[in-house]
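The compositional bias 'Polar residues' annotation in TrEMBL covers A:1-10. Taken from TrEMBL, the feature region 'Disordered' covers A:1-29. Annotated transmembrane segment per TrEMBL: A:35-53, A:65-86, A:93-110, A:116-137, A:144-164, A:184-207, A:238-258, A:292-311, in sequence order.
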Amino acid sequence: MTQPVSPAQRHQQDGPAATPAKTPARQPAGLRPDVRNLSLLGVLAVLVAVGGFTKPEQFLDSSNLQLVLTQASVIGVVTVGMTFVITSGGIDLSVGAIVALASVWATTLATQEYGFAGILFTAVVVGLACGLVNGLLIAYGGMVPFIATLAMLASARGLALQITDGKTQIVTVDSVLDLGVPDSYVLGIPPLVLVFAVVTVVGWLLLNRTTFGRRTVAVGGNAEAARLAGIDVRRQRLYLYLLSGLCCGIAAFLLVVLSGSGQNTNGNLYELDAIAAAIIGGTLLSGGRGTIVGSVLGVLVFTTITNIFALNNLQSDVQQIAKGAIIVAAVLVQRRTARDGAI
Amino acid sequence: MPETSRRGLLFGTAAVSAGALLTACTSNEPKTKEPAANNEPAASDDKPGKKVTIGFAGPQADHGWLNAINENAKSRAGKYSEVTLEITEGSNDTAAQIGQVQTLINKKVDVLVILPADGKALTQVGLQAMKAGIPVINLDRVFASPQAYRCWIGGDNYGMGLNAGNYIGERLKDKKNAKVVELAGLDNLELTKQRSQGFADALKNYPNIKRVARQAADFTVESGQAKMAQLLQAQKQFDALWNHDDDQGVGALRAIEQAGRDDFLMVGGAGAKAAMDAIKADNSVLKATVLYPPTMAASAIDLARALGQGKGVGGMSELEIPASITLYSAVVTKDNVDEYLPTGFS
């Protein structure tokens, strides 16, 4: 097979010139993630072009922008938390189950008695509590994150089922329901999207502009070196799983607002969606590098794909096949651009 | 351990009190308990007869409909003084369910009622029971071989689609170029295909109606909201919507409310209490729902009792119970909702 040799391939063949590109973890500067973000923006632009070309009337419409951003907000908040955990070299498989547990706990008849504050408080505290258990097991119990959070996934789903008894818990608190309908939009922006934006900005500041963020990257890059440098690695890990739990709690509240209910099947496979979004965003699965902007772009890519498919009335089978292909294509394009850009 | 810091104490106390507050919040008991609905149709032959022990094995009740199946079986068995119900812990694991049925066989129950987690996979254990001389009532999900059951009773997925389509067709028959949208259930399941096929076949009777869009959700509220929101964005104007499942319908109705749309009529599926309440209140686009009745579990207990006592079904002249019973997917509208409301599940 003869193919045109791209600059990237040429660099690879050159040998030494390509080396820096292959060891991104060693590169502390934010350059590489930024380049990746740029290429992901390109992917998003292509998607927008496809959407605009196939369904101009429905796709290029402010109500569609509201729709895409709203659908992205729940999984987006979860992904911000996940990005921190992955950056530190960990993984949190329990996010979907925590969202389910927090959303059903926050919508029991007993909780609804306490109104808006009760629902918000319960969702956030249940999320934090699950994160605390994860963090303690991993940081101080010496358990592998994969196993500890897998155990949490099973138990939290079980507890959610026990609370609901398999029933759909419908929310009757008007102040909560009102947050999800157009009357509550601020300058055309749904409150859910505002929360998503705030979580994104806070997450970005935390990761890029604070000691906490630098410690997270250090722990993920090389935990032993971080320990020798005086970082309390265990406490840092505890905080990170707490943070992920907190994000799940917030996401659970958003989901309650969005769907007007709590159900033990909520948050199905969020762990995979969040991990996939973070990875195509440019966060390194092995830790040491993370980008909030990339993760959010990753979430937007997925939500936009779903949106375009639905608007074009493609069925589930085609959607799934195409989604897999697009993920592979997005990652390939991105790696190529990143390689070119870095040199 | 370092000495306990004041901050630690403070956080500890806060955590404990938050925990105490929260554990009180897992209750789902309504403050005022309504008396249980009690107007099921009377059994054909209410005179207590020979004692019958019925073994019941079903899947894990992880959603409303399955939960209602268990409740219907229990309450129906409770009505007969001579019936003892041996009910197993529900399981979605094929191996676990096989073990449970085998335990019931070893206990030598008189009749078995089995709702398999997976019909094909449980066929062998059904055969085993029949060979051991224990007649099996196969509930809803059918075994691969008719030899594995004495009687099958279940819902009609094709009929659901058919009745939903015909109801919508009658409502729109005078409208030119009418547009219909379908929100299906989980596409991986054969039953979803059957429902969609029935719906398509019914709409063929009405040449003025065209199905303009179909999306599949996955029976959850969350997916119902997400897929419906997309459908509403894609179709700025249509006349009717059929949603396969009332659980995902909660989310679909939420999406419709969020989009501020009320220009079409919506028909649900399965027969949840929330949907029937909305039909009765008549304040949303939801005007009807087609049943997939969980009361089939109560009927299965009736059949098991008749089988155990060597009787036929009342109202029919046969000496034996039938080999197969397909239930009718009635259309519940505002006019007849009161009759069906007690069978609605949450």
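Each residue, glycine too, has its Cβ placed from N, Cα and C.
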Cβ pairs under 8 Å between the transmembrane segment (A:93-110) and the transmembrane segment (A:144-164), at least three: yes
Residues of the parent chain within Cβ reach of the transmembrane segment (A:238-258), under 8 Å, 6 or more residues beyond its termini: 70, 73-75, 77-78, 80-82, 84-85, 88, 90, 92, 95, 98-103, 106-107, 119-120, 123-132, 134-136, 138-140, 171, 176-177, 179-180, 191-192, 195-196, 199, 212, 216, 266-267, 270
Long-range Cβ neighbours of the transmembrane segment (A:292-311) (under 8 Å; 6 or more residues past either end): 33, 36-37, 40-41, 43-44, 47-48, 50-51, 54-55, 58-59, 64, 67-68, 71-72, 75-76, 79-80, 82-83, 200, 203-204, 207-208, 273, 276-283, 318-319, 322-323, 326, 330
